[in-house]
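According to TrEMBL, the protein carries these features:
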TRANSMEM  6-26  transmembrane segment
TRANSMEM  38-60  transmembrane segment
TRANSMEM  72-91  transmembrane segment
TRANSMEM  129-150  transmembrane segment
TRANSMEM  162-184  transmembrane segment
TRANSMEM  316-335  transmembrane segment
TRANSMEM  355-377  transmembrane segment
Amino acid sequence: MLEALRDLFYVSAIFGVIPLSLRMFFKRRVLQLSISGNVWVVCNIVVYTALYHVATTNYIKDDWGSQKTLTNAIGIFIIYMEPLMMGVDMISGMINQRRLIECFERLQRVDTKLAAEGIPLNNQQLRRITMLLGFLVFLFEMVITGYSFVEFEHDFTFSSSIWFITTIPTALNSVCRIWFIILVHAIRQRFNAMNGHMNEIAQGLQQFKDQQQGHQEADPYDVPLDYLEREIFTVYTQRKAQFAVTPPKKQKQKQASAKIIQVKPYEAAAAQQFLPTDIRQRPKIDQRMDSKLILICRTHDELCEIGKIVNRMYSVQMLVAMAHGFVAITAQLYFLYCGLTGQEVPILFRSAQVLLLSLTYVCYTALKCVVPIFVCWKTKTDSRRTGIEMHYLANVIDESHYYEVVNHLSLKLLNHHLNFSACGFFDLDMTTLYAITGAVTSYLIILIQFNLAAIQKTTGNATLTTNTSSSTTALALIDGVSTALTTYSSRNL
């Protein structure tokens, strides 16, 4: 697994996201604490924050006073939340570095146990996901930063090139999100491996039973049972044993030597260890199945504990990331509306004047919230599916002993509760995504209504001022005419 995450670790160690020893990872592929790594992280936080401030000040220049005070305050808060998130991510990495090492060590032990039971894992899938997410981060950062520079900077100078420094905090935030996604997906991958292994065994046994029933005459005493009836009464195997006619030993040997009905090979290799070569024989379900189910139950508990550690490591970061995503998307969409209607846009949100740039920024910010939520939701769902697959396997075996074993293990699985949350404020699942989407829509409508009310008030004041001026001019004209007529009448008299 560490080999699959090699590129991600190198980027994180070089830019100070993870304070672990780069030298030990390069030589031995191990995670080890490092004092120099922690110092390097602190230095990067200071340098990146200072450069970000210089770049932001150079970008805004002398346009601070052209906007309202409240708009400036909101803009400064949103702009400087990016280095704040970077600092939270990097400091949390320093605090949780021992937990990160513990996660990888426990995942390695889980992989060893699963490999001993013949449950394969493909860690190269993590490598492909890492490369895909890294490419998307690089693409979004280059498009947003480069487009903003070309659109708003007319002269390419050394001071203007400092604007590219603003890419670093947002990119490092994205790298931290990738670490969280990869760790959660690694847990999900192991849940799926166990669930798929049990399903593979159940499918193999079910196919064997279908072949076996195809070579046997129909049983007039057989009554079709659904899942619950079969699990409660387990009459299928018991009735077969009662009505089966067992031939004498010599006759059985002659029949076996005369004709052996071979079992058609099943595609899944997981079920082969429990299948006999003769289709007239029963599947060899023995102590190995008990041991396998107990191991899967214990591994499930281990993976849930690892998931809780990962949740504690990234709980604060996800809370800050969700808050930033909500505020940034709402503000960007509102000022995009202002730009499309020809209104003045604050200098801090000048990118909202360009439709393509605004949509790219909104999509990038939304993906950093949606992808972690989706992965956490799928992992929690797959963890709950283990009990379903275990009961399905017991239903296929259809023996009272394995019903008792599975029912006992199901009680343990119910206590293996896995959940991901942002410091307990809300769960990272699809309901949270729905709530955030609804909140963004509601606040956007409210802001647009306030904007329309302000426009109507301004238009009304302008109309009132114009009418007042016209009335004053008319009155002055009438007074002038009256005075002229009075003077003319006096002269004639």
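Including glycine, each Cβ sits where the backbone N, Cα and C put it.
TrEMBL entries are annotated by machine, without manual review.
Against the transmembrane segment (162-184), the recorded stretches 6-26, 38-60, 72-91, 316-335 differ in Cβ pairs under 8 Å, and the greatest number is found for 38-60. If you look at the transmembrane segment (355-377), the same-chain residues 6 or more away from its ends with a CB under 8 A from one of its CBs are 133, 136, 140, 143-144, 147-148, 151, 173-174, 177, 180-181, 184-185, 188, 318, 321-322, 324-325, 328-329, 332-333, 336, 339-340, 420, 428-430, 432-433, 436. Where the transmembrane segment (316-335) meets the stretches 6-26, 38-60, 72-91, 129-150, the count of C-beta pairs under 8 angstroms peaks at 72-91.
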